[in-house]
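Asks: One structure is given below, represented as structure tokens, and several questions about it will come after.
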Amino acid sequence: MLDPKFLRNELEITAERLATRGFILDVDNLTKLEEKRKSLQVATEDLQASRNAISKSIGQAKARGEDTSSIMAQVGDLGAQLDSKKAELAELLQQINSIAMSVPNLPDESAPVGADENDNVEVRRWGTPKVFDFEVKDHIDLGEALEGLDFKNAVKISGSRFIIMRGQIARLNRALGQFMLDLHTTEHGYTETYVPLLVNEESLLGTGQLPKFGEDLFHTKPATEEGQGLSLIPTAEVPLTNYVRDMIVDETELPMKMTALTPCFRSEAGSYGRDTRGVIRLHQFDKVELVQIAHPDHSMQALEDITSHAEKVLQLLNLPYRTMVLCTGDMGFGSSKTFDIEVWLPAQNTYREISSCSNMKDFQARRMQARYRSKADNKPALLHTLNGSGLAVGRTLVAVIENYQNQDGTITVPEALRPYMGGLSLIG
């Protein structure tokens, strides 16, 4: 969430910056609420001061042998008024906080201003798409012909947007995840982390999935008097980032770099009719997540680093891609700046997103109360959090199948993956 003080003191500037991402801040309503908050705050403080002063006079009156019943009654009356004002103030603050929790992050000044994905800006391109001398097939036809992708039985078992993988295609999928983990842990300095796949509501609030995006989650256990509800993770960003929730990290420990390979679960509530065939958009998919917990002074460089780490996977697999910086109107709810990496898919004759790398700055940290202790003044301050896909395994599988297809329907195994495939060089 945004800094409440900044939101109050710079309301017009905040509204202007949020408007660039298509979010209309109700300035009039917030102004009225803030005026009411100030009035209640002053009234509460005045009542508290009056009660304290009169309470102090009780002892003095008793020392003089005077009757204190009227003073005691006055203190009781002030106490009741004070309790009422405190309750009213608490309710108002909860209302303001609820609004603040629904406000997206401020875009970084370096993010291009735009309305939607058409205004995203390409920053670099790597590799040249292969020119095939035969008619290319998509991953669905190739995978089904190899008996490696089974959509029919997945629908029978679970419904649409699920997949069963078998044989060498399943092995290739597993190899991709292992390859990514090994690269990030041995070359890029991330610590491999095993995380829960079920998380509580506080964790989802911390990273910003709640309250705004609850419909995209699979809720497995409702909240009860005995405890919070549990939901399947939409991304390992949630448990990895929440690792530092309610913590004060020593500045010398920064940056903290964590990675995890997990299944991810999304209802895709807003994706009706999009990518209904194939492995591009599933309810359950594997992803290697990269998370960095960084010093505020270094988080923009960390964003460049995390993006390059995701790009390295595609370079080693020799898969052509382009990197886009998202415009303000296309960024995610909690992001201040985002790079999307798009891989070339020959069957679609276009680039498709395979990774999204974002700097959340202190947006998540404020929700989580994740802080570091500064060496300069020994005081706690909010951390910056970053995350990125390194990569989405299923989409990488699609890219490998399509880019490495042969005329006879076989798939050449990329050299970087052969050690993970027992030396196998050809599928089919």
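Indices start at 1 and increase along the chain as displayed.
In case you wondered, yes, glycine gets a Cβ from its N, Cα and C as well.
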Asks: Where Swiss-Prot shows THR235, ALA236, GLU237, GLU289 binding L-serine, which of SER102, SER110, SER374, SER389 is named for the same site?
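Replies: Answer, per Swiss-Prot (L-serine site with THR235, ALA236, GLU237, GLU289), from SER102, SER110, SER374, SER389: SER389.
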Asks: Nearest to GLU353 (ATP binding site) in three-dimensional space, by Cα, is which of the binding-site residues THR235, ALA236, GLU237, GLU289, SER389?
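Replies: When the Cα distances are compared, SER389 comes out closest.
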Asks: Closest of the binding-site residues to GLU289 (L-serine binding site), Cα to Cα, picking from ARG266, GLU268, ILE354, SER355?
Replies: SER355
Asks: May I have the list of same-chain residues other than THR235, ALA236, GLU237, GLU289, SER389 whose Cβ is within 8 Å of the Cβ centroid of the recorded L-serine site, in sequence order?
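Replies: Residues close to the L-serine site, other than THR235, ALA236, GLU237, GLU289, SER389: VAL238, LEU240, ALA260, THR262, CYS264, LYS287, VAL288, LEU290, VAL291, ASN387, GLY388.
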Asks: How many other Cβ atoms are found within 10 Å of the Cβ atom of GLU353 (ATP binding site), counting all protein chains shown?
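Replies: That number is 15.
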Asks: Name the residues of the same chain, 6+ apart in sequence, whose Cβ is under 8 Å from the Cβ of GLU268 (ATP binding site)?
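Replies: Those within reach of GLU268 (ATP binding site), by Cβ under 8 Å and sequence separation of 6 or more, are ARG161, ASP216, ARG281, HIS283.
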Asks: If you count the C-beta atoms lying within 10 Å of each candidate's C-beta, which of the binding-site residues SER267, SER355, SER356, SER389 ends up with the smallest number?
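Replies: Each of the binding-site residues SER267, SER355, SER356, SER389 was scored by Cβ atoms within 10 Å; lowest is SER267.
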Asks: Per DSSP, SER355 (ATP binding site) is which: helix, strand or coil?
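Replies: SS state of SER355 (ATP binding site) = strand.
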